[in-house]
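J.: Handing you a structure now.
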Amino acid sequence: MLRLARLAASVPRLQAHPTNSRHSMAYSAKIGPSILSSDLSCLGSECVRMMESGADYLHLDVMDGHFVPNITFGHPMVECLRKTVGQDPFFDMHMMVSRPEQWVKPMAAAGASQYTFHLEATTNPGNLIKEIRESGMKVGLAIKPGTTVEELAPWANQVDMALVMTVEPGFGGQKFMDDMMPKVSWLRSQFPSLDIEVDGGVGPDTIHKCAEAGANMIVSGSAVIGSDDPRSVIALLRTAVAEAIQKRSLDR
């Protein structure tokens, strides 16, 4: 925890309350390793290792065996991780669960920073967004590959982040789906300052497609965590996104 505290000043962090103006480029490049790709027997130390390697946030996949076939972990694990790594790291909870309403309060109490639920999992997104905000967390809204970006659009001004899945949720190691990039491009054109996240098969070979489309929050699992030098991979991913943001700004 002391090492993490010393790093706090040098590692970029997600802002607690980003501007909601849709008229300026308020977003920046942020890289979030998916900790599910790490050695689960030493998850706390793996989280510390990722933050010390320059990660901007940690992406935590919660699967319930219903919305997706696999089961991972729940709020007790999040609470333990928060105690281990301290208050500083930003926990982006990717809730691949069939009843996202059920876990808002437990995840908030456990120390989650952002609650990202799937549009496909709820019949009342507006109410859920309100509940997440009232619990003190930021709001993320995710869509599966089969869901159109237009279905997300009515909620985009009410959330902090939109997640475009670039694989089918529920399994690691899948091939990146290039045909999801038009969704990212459309969101970036319609909501210029929205944080847009991509998740699934993203690494050095696919980052440029994501960056050019307009994604700025990059979830990467095995490409970062399985690397012999995660710091250099994180830096490569961030540079690609930062350069694309700068180019987009100049082009305007």
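Cβ atoms are placed via backbone N, Cα and C, with glycine included.
Nobody curates TrEMBL annotations by hand; they come from automatic prediction.
Annotations for this protein, taken from TrEMBL, read as follows:
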{"type": "ACT_SITE", "residues": "ASP61", "note": "active site, proton acceptor"}
{"type": "ACT_SITE", "residues": "ASP199", "note": "active site, proton donor"}
{"type": "BINDING", "residues": "SER34, HIS94, GLY170, PHE171, GLY172, GLY173, GLY201, GLY221, SER222", "note": "substrate binding site"}
{"type": "BINDING", "residues": "HIS59, ASP61, HIS94, ASP199", "note": "divalent metal cation binding site"}
J.: SER34 (substrate binding site): which of the recorded positions HIS59, ASP61, HIS94, ASP199 is the nearest Cα neighbour?
T.: HIS59
J.: If you draw a 10 Å sphere around the Cβ of SER34 (substrate binding site), how many other Cβ atoms fall inside it, taking every protein chain shown into account?
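T.: Other Cβ atoms found within 10 Å: 24.
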J.: Around the divalent metal cation site formed by HIS59, ASP61, HIS94, ASP199, list the extra residues of the same chain whose Cβ is within 8 Å of the site's Cβ centroid.
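T.: Other same-chain residues with Cβ inside the cutoff are GLY32, SER34, LEU36, LEU60, ASP92, MET96, THR116, LEU163, VAL219.
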J.: Roughly how many Å separate the Cα of HIS59 (divalent metal cation binding site) from that of SER222 (substrate binding site), to the nearest whole number?
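T.: Pair distance, Cα basis, whole Å: 13 Å.
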J.: To the nearest whole angstrom, state the Cα distance for the pair GLY201 (substrate binding site) and HIS94 (divalent metal cation binding site).
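T.: With distance taken Cα to Cα, HIS94 (divalent metal cation binding site) is 16 Å from GLY201 (substrate binding site).
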J.: Using all protein chains in view, find how many other C-beta atoms are within 10 Å of the C-beta of ASP199 (active site, proton donor).
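T.: By my count, 25.
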J.: So for GLY170 (substrate binding site), how many other CB atoms are inside 10 Å of its CB?
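T.: Its Cβ shell of radius 10 Å holds 17 other Cβ atoms.
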J.: By a simple count, how many Cβ atoms lie within 10 Å of the Cβ of HIS59 (divalent metal cation binding site), its own Cβ left out?
T.: 28
J.: Please name the residue among the binding-site residues GLY201, SER222 whose C-beta has the most neighbouring C-beta atoms within 10 angstroms.
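T.: Answer returned by the neighbour count: GLY201.
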J.: Expressed to the nearest Å, what is the distance separating ASP199 (active site, proton donor) and HIS94 (divalent metal cation binding site) at their Cα atoms?
T.: 10
